[in-house]
Amino acid sequence: MATEVHNLQELRRSASLATKVFIQRDYSDGTICQFQTKFPPELDSRIERQLFEETVKTLNGFYAEAEKIGGSSYLEGCLACATAYFIFLCMETHYEKVLKKISRYIQEQNEKVFAPRGLLLTDPVERGMRVIEISIYEDRCSSGSSSSGSSSGSGSSSAGGGGAGAR
C-alpha cells in the first residue's frame, strides 16, 4: 500500500496538470445521489469507455446503498432520538460507513486504473457531492511536444468544466 500511495504522490509531483473533467450529477431519477455515465470525450485516448462506465456505475451503486432505508437505519434513528443524538459520538452511521467504503474504492481505482493512465479521480465528497472530478496529467518531459495540440482543445473544455465545478 505504501508504494501505491507513493505512486499517486509521484504522479502529482512528476506530471503537470493538463485539465480537469467534471462528471455532473444525474437528476433524471429525482434527487438521489447518482452521477452521469456519459463518457467525456476528453478521456477518449486515456481510458476505455467500459472502465469509466463501470467505475461510475459502481459509485452510483454505493450511493444508492448509502441512502437505502432499512432496519439498521431505522434503529439508528430511534437510538438517536432516545439519546438526543449522543449515540453518534460513539458509533458511525450506516451512511458514514458507506462513504468510507466509497473513499477506499476511489483510492483503489486511482492506484490500479486511473493513475497508470495519467488520471486522478477525486472523491465527490471533496466537491460537495456535486461532481466527480477527474484530473488529467501529462508527463513534464513529453508536455513540450504535445502541449500545443492539446492546449487549444483542453482550454475550452476546462473553461466550461471549471465553471460548472466552481458553482
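Glycine is treated like the rest: Cβ placed from N, Cα and C.
What Swiss-Prot records for 142-157 is compositional bias 'Low complexity'.
Taken from Swiss-Prot, the feature compositional bias 'Gly residues' applies to 158-167.
Cβ-based neighbour count (10 Å, all protein chains) for Cys78 (S-palmitoyl cysteine) stands at 11. For Cys78 (among others), the entry in Swiss-Prot reads S-palmitoyl cysteine, with the evidence type similarity to another entry.
If you look up Swiss-Prot, you'll see Cys81 (among others) marked as S-palmitoyl cysteine. Its own atom aside, the Cβ of Cys81 (S-palmitoyl cysteine) has 10 Cβ atoms within 10 angstroms in the protein chains shown.
Annotated region 'Disordered' per Swiss-Prot: 140-167, in sequence order.
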